[in-house]
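Taken verbatim from Swiss-Prot:
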TOPO_DOM  1-35  topological domain 'Extracellular'
CARBOHYD  Asn6  N-linked glycosylation site
TRANSMEM  36-56  transmembrane segment
TOPO_DOM  57-74  topological domain 'Cytoplasmic'
TRANSMEM  75-94  transmembrane segment
TOPO_DOM  95-112  topological domain 'Extracellular'
DISULFID  Cys111-Cys235  disulfide bond
TRANSMEM  113-134  transmembrane segment
TOPO_DOM  135-157  topological domain 'Cytoplasmic'
TRANSMEM  158-178  transmembrane segment
TOPO_DOM  179-246  topological domain 'Extracellular'
CARBOHYD  Asn192  N-linked glycosylation site
TRANSMEM  247-270  transmembrane segment
TOPO_DOM  271-298  topological domain 'Cytoplasmic'
TRANSMEM  299-320  transmembrane segment
TOPO_DOM  321-334  topological domain 'Extracellular'
TRANSMEM  335-358  transmembrane segment
TOPO_DOM  359-412  topological domain 'Cytoplasmic'
Amino acid sequence: MGSPWNGSDGPEGAREPPWPALPPCDERRCSPFPLGALVPVTAVCLCLFVVGVSGNVVTVMLIGRYRDMRTTTNLYLGSMAVSDLLILLGLPFDLYRLWRSRPWVFGPLLCRLSLYVGEGCTYATLLHMTALSVERYLAICRPLRARVLVTRRRVRALIAVLWAVALLSAGPFLFLVGVEQDPGISVVPGLNGTARIASSPLASSPPLWLSRAPPPSPPSGPETAEAAALFSRECRPSPAQLGALRVMLWVTTAYFFLPFLCLSILYGLIGRELWSSRRPLRGPAASGRERGHRQTVRVLLVVVLAFIICWLPFHVGRIIYINTEDSRMMYFSQYFNIVALQLFYLSASINPILYNLISKKYRAAAFKLLLARKSRPRGFHRSRDTAGEVAGDTGGDTVGYTETSANVKTMG
């Protein structure tokens with residue numbers, strides 16, 4: 001297979017690429033990674049896709065179907081499950097790019113949407129976690145204020161605002177990427193109405209962070225020059241938008257680290273409040289409320305820690321990716337990012353597993369939903385206060401619920 005890196009039809013002749021030669025593209029594969037890396041990564045990602053989609057669908061169905069589960073905290077978690085589902089929908093496109101960075105066959109719209117939806121849902125998840133942590137802080141450290149501020153209607157409105165802010169913040173990504181033809185391949189009109197492939201000298205020195213895939217090889221066989229040029233089309237940032245893309249990637253990084261700082265402060269204050277309140281409580285209602293608070297914080301802390309562990313490498317990899325020009329660091333960045341990609345999709349798949357492991361109420365509701373039992377699982381009784389809210393969950397203590405030690409139940 002020919003390659004613009006070693007072609008001799010350019011006006012300046014062939015020049016060596018700025019990093020070691022990569023295997024050429026063919027009809028089956030166009031990737032800088034060997035099969036020994038692609039196969040296990042693909043297997044892991046497909047497992048995450050199946051587990052994540054099924055788990056998040058169950059979470060959304062539980063919160064939508066059972067009124068006991070429709071609480072302020074669980075409304076956030078249900079919205080986060082929708083965000084995770086949308087993130088997981090981008091996994092097949094990332095797998096396609098791992099195996100075949102070019103040609104991109106899904107059109108410019110899906111090229112733009114695959115990045116935009118992933119970024120927008122990432123922002124939405126971060127904003128949801130921050131808002132949920134603020135609610136928990138108010139419920140535990142400022143309970144009187146929480147009784148006034150936190151209601152289901154306001155939480156639903158806030159969730160809509162969070163989604164709007166997230167999607168608007170990610171809006172520039174719609175214009176920063178597109179289906180680009182490799183600069184090293186162009187169709188040049190020839191004599192007698194013929195056409196030929198021309199190799200541009202610009203192909204020898206593209207920005208290293210723009211495209212890590214191997215140089216394209218035109219399809220073998222009697223394809224035309226136009227078909228060979230089409231083979232080089234790739235979903236990637238536009239060269240004219242590289243500066244703006246760098247800015248947006250730093251915005252994305254700030255979107256991660258600023259909420260992380262906020263979460264650290266909030267959970268530090270919550271932990272101090274819960275620790276200082278570890279004293280004998282009067283009556284079963286106070287004892288049940290305290291256990292509900294602790295269970296809620298325990299679940300949310302596990303979710304937040306899993307989120308940080310899974311997403312931190314992703315953002316560190318991006319920082320390395322957009323700042324390195326050294327070929328050895330480039331190879332390190334490639335393999336670091338392929339691991340970070342798996343952790344990124346793990347974060348979108350793991351929350352339902354955590355809910356199932358930690359929350360008895362979630363397990364009971366999921367068991368009832370999946371087996372379609374007619375009888376209500378144990379503990380699924382309701383009590384209402386004057387506002388008509390359902391008591392007994394992680395969010396119930398924020399709106400003036402009447403709780404007892406028997407009906408304090410948590411989902412997460």
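Along the chain as shown, residues are numbered 1 onward.
Note: Cβ is positioned from N, Cα and C throughout, glycine not excepted.
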Stretch-level contact, the transmembrane segment (113-134) and the transmembrane segment (247-270), CB cutoff 8 A, at least 3 pairs: yes
Contact between the transmembrane segment (335-358) and the transmembrane segment (36-56) (3 or more Cβ pairs under 8 Å, separation 6+): yes
Count of other CB atoms lying within 10 Å of the CB belonging to Cys235 (disulfide bond): 24
Integer mean pLDDT for the topological domain 'Extracellular' (179-246): 55
Per-state residue totals over the topological domain 'Extracellular' (95-112) - DSSP helix, strand, coil: 11 helix, 1 strand, 6 coil
Neighbourhood of Cys111 (disulfide bond), C-beta criterion under 8 angstroms, separation at least six: Trp104, Val177, Gly178, Val179, Cys235
